[in-house]
Structure formats: structure tokens, C-alpha cells
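The structure appears below as C-alpha cells.
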Amino acid sequence: MKKAILLLEDGFVLEAKSFGAEGETLGEVVFNTSMTGYQEILTDPSYKGQIVTMTYPLIGNYGTNSDDVESAKPWADGFIVKEKSKIFSSWRGSVSLEDYLAKHNIVAAEGLDTRALTRRIRSSGAMRGILSTRDFDVVSLKAKVMASPVMVGRDLVRDVTCKQAYDWPGAGGRKEFFVVAFDYGIKYNSLRLLDRAGCKVRVVPAATKAQEVLALKPDGVFLSNGPGDPAVLDYTIQEIRKLIGAVPLFGICLGHQLLGHALGGKTYKLKFGHHGGNHPVMDLETRKVEITSQNHGFCVDMESIKDKNVALTHVNLYDKTTEGLRHKQLPLFCVQYHPEAGPGPHDAGYLFGRFTEMMRKFRKGRRK
Ligand SMILES: NC(=O)CC[C@H](N)C(=O)O
């Protein structure tokens with residue numbers, strides 16, 4: 001097996017074995033604590049610009065298949081595991097993880113101490129890194145890392161958004177609502193769950209104007225997850241601002257952060273972010289705790305919107321950071337975490353029902 005090397009911008013180096021594609025890749029190195037769901041993680045467009053390390057020690061044991069994808073292709077810029085399973089076995093598995101990664105040109109490494117790496121990221125914070133199967137010279141690798149872009153200030157949405165609007169095919173059946181979904185890097189499971197909640201969905205590119213969206217006369221607008229720094233996406237924040245109050249809004253992750261900005265707030269970078277399928281979050285209105293799926297590096301600063309008529313609805317029980325908010329009068333709410341799961345627990349699936357309830361109420365109010 002070929003050698004690989006990982007170097008972080010603080011000089012931390014780990015030697016590893018290459019699997020997947022060979023080459024060299026740069027990105028922000030993050031760790032994900034999900035035990036399964038690696039194919040959904042790889043295909044989540046929010047991982048664009050990041051090299052993902054799985055903390056669970058054995059990955060690849062059920063292979064890959066054509067169902068577990070969250071978008072058309074993998075977007076992660078690199079993949080790191082402690083041990084890649086030598087065999088895969090599942091009635092759904094059709095292609096091994098290494099063949100899947102090689103086919104999609106994703107550089108991957110195994111056989112390194114992912115626990116040491118995770119502890120390093122936790123103590124130093126998320127950092128840029130390079131994973132290489134070609135260059136093993138630490139001075140040259142360090143120079144490449146230092147020349148690569150930092151996550152703060154990056155618009156990665158333009159790389160992952162759809163080029164043209166399309167209708168989500170859905171599973172059929174009667175649809176009570178028509179929803180326009182902004183694609184900032186949308187995951188299929190959000191679309192599947194909107195469909196299941198009774199919504200016919202039209203997906204539109206990130207740069208679509210508010211006027212065009214309103215001309216479609218939707219019952220509600222969905223703001224998707226997506227990669228990069230929300231603070232630089234002014235072109236869409238301005239359009240979202242025009243939709244506030246005009247139509248019910250539901251945002252997830254990047255969509256939530258963009259709503260925060262549109263309401264006049266700010267976002268900041270977390271030290272090492274939240275990535276995994278096991279974060280406890282409290283719904284402050286019901287006092288219920290949900291185990292949630294998470295994938296974000298930025299966070300809405302509640303202090304920055306405290307005078308904007310906004311209520312904090314959800315909080316992360318690990319570090320007390322903002323996990324959800326709603327407007328006190330206007331029909332909009334959003335969450336930082338992932339109620340669509342894919343992968344992860346389904347505890348928060350009720351939020352899709354909250355959205356349809358909001359659209360129903362808004363429709364009634366308009367008829368009066
Ligand atoms: N999953 C997402 O939508 C991530 C949002 C944003 N890119 C962040 O890192 O915080």
C-alpha cells in the first residue's frame with residue numbers, strides 16, 4: 001500500500017497509508033463523530049473545502065451503494081480513517097469504499113492515529129491541512145498549506161449550487177403545499193422529507209432573486225445547508241431579507257446562518273465546529289432534548305440579534321451555542337443542526353411538520 005502524509009498548519013504531521021485516489025489535497029481538517037453514514041457524509045455538499053476525519057475507528061464495512069447519497073457526487077476534499085475495513089458486507093453494498101473514493105477522485109488515508117488528530121484539532125482549533133500521496137517533504141507541504149485559503153471569507157456555495165432550477169421528482173401522492181428551496185448545497189434528505197410532509201418542491205440556484213421566487217407564488221421557502229462562510233454571501237442575504245414576512249421561511253444550517261444575517265445579525269467561527277450524529281440539543285419551548293445530526297463550523301451570534309424581535313428556540317447542550325431561532329411575529333424559523341439527518345438520528349424530523357403547520361396558518365391568514 002502506498003504511503004500518505006497529513007500535515008496541519010501548526011506543523012502536526014502524521015504518516016498514513018493511502019487508499020482511494022492518489023494525489024494531493026488541501027482543506028480545513030475537521031472530525032466527524034458519526035459511527036456510520038460515511039457515504040452520506042462524503043456526499044454532503046457542506047463538506048466542500050474540508051478534509052473529513054472519522055473518529056469511529058472502523059469505516060467502510062458496509063461498502064457504498066446508489067441509495068445513500070445526499071447529492072450527485074462526493075464533495076469532501078479528502079477523507080481520513082483509522083482503519084478501512086478490508087471487506088464489505090451488506091445486501092445493499094455494491095462498491096467498496098476505496099473504489100468509490102478512487103472513482104470520484106477523493107484522496108483518502110488510513111492507518112493514522114485519528115484520536116491524536118482529533119485531540120489536536122480540539123486543542124488548536126480547526127486548521128488547514130494537506131493530505132498527500134506524492135510529496136513527503138514537510139517544508140514543501142507546509143508552504144502549500146500556508147498558501148491555501150482559510151475557511152473564513154470563502155464563498156463555496158457557487159461551486160455546489162445547481163446551475164438551473166428543477167422540480168424534485170418526489171414519491172408521488174397529493175401535495176398540499178408548493179415550496180421553493182434555495183440550493184446552497186442542498187441534501188437530498190431535506191427534499192425527501194419536504195416531499196413526505198406534503199410539499200411539491202422546486203429547487204432554485206443560490207443566486208435566484210426574491211422577486212423571481214415570489215412570482216412562483218410558493219406557500220413557503222426553504223433555505224438549505226451549504227459550505228463555506230455565510231458572512232460573505234451578501235448576494236443571497238439581500239434576497240432573503242426581501243422574503244422575510246412575505247412568505248413562511250424555514251432554514252437549516254447555512255440557511256439558518258443566512259437568515260441570521262438577513263435579520264441583521266452576525267455569525268462567528270467556532271473553535272472546531274460540530275460534526276457528527278450525536279449532539280444533544282434542547283428545544284427551549286418544549287424542554288425536550290433531541291439527539292441531533294450536526295455539521296457546521298460557523299454559528300449565529302444571538303447577542304447580535306437580541307433587539308430584532310427574535311427568540312432563541314434551541315440550544316446545544318455541549319457548549320450552549322445557538323441551535324435554533326424564530327421571529328416573534330413573522331413566519332420564520334431555522335435550526336443550526338440537521339433535522340433531515342442523513343446520516344443521524346431522526347429526533348428532529350418534527351420540524352418539517354412545524355414548517356407545514358406554519359404554511360397552513362399563513363395561508364389561512366391570507367384568505368381572511
Ligand atoms: N452544513 C452546513 O450548512 C454548514 C454551514 C456552514 N458552512 C458552516 O460551516 O457553519
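Glycine too: its Cβ is placed from the backbone N, Cα and C atoms.
Summarising the annotation, TrEMBL assigns region 'CPSase' to 1-174.
Under the heading domain 'Carbamoyl-phosphate synthase small subunit N-terminal', TrEMBL lists 2-132.
Q257 (L-glutamine binding site) falls within a helix when secondary structure is assigned with DSSP. Q257 (L-glutamine binding site) is surrounded by 30 other CB atoms, counting those within 10 A of its CB over all protein chains shown. Taken from TrEMBL, the feature L-glutamine binding site applies to S46, G226, G228, L254, Q257, N295, G297, F298.
Within the same chain, residues at least 6 positions away in sequence whose Cβ sits under 8 Å from that of C253 (active site, nucleophile) are S46, S224, N225, G226, N295, H296, V335, Q336, Y337, H338. The active site, nucleophile annotation in TrEMBL covers C253.
The active site feature in TrEMBL is assigned to H338 (among others). In the three-state DSSP reading, H338 (active site) counts as coil.
Residues or ranges marked as active site by TrEMBL: E340 (among others). Long-range C-beta contacts of E340 (active site), restricted to its own chain and to partners at least six residues apart, with a cutoff below 8 Å, comprise K187, N189, S190, R192, L193, I252, S293, G349, F352.
When the recorded positions G228, G297, H338 are checked against ligand 1, G228, G297 have a Cβ within less than 6 Å of one of its atoms. Pairwise Cα distances among S46, G226, G228, L254, Q257, N295, G297, F298, the recorded L-glutamine-binding residues, top out at 13 Å. Other C-beta atoms found within 10 angstroms of the C-beta of L254 (L-glutamine binding site) number 32, with every protein chain shown included. Surrounding the centroid of the Cβ atoms of S46, G226, G228, L254, Q257, N295, G297, F298, where the record places L-glutamine, the chain contributes additional residues within 8 Å, namely G185, N225, P227, D229, P230, C253, H296. In the three-state DSSP classification, S46 (L-glutamine binding site) falls within a helix.
Every protein chain considered, the tally of other Cβ atoms within 10 Å of the Cβ of G228 (L-glutamine binding site) stands at 26.
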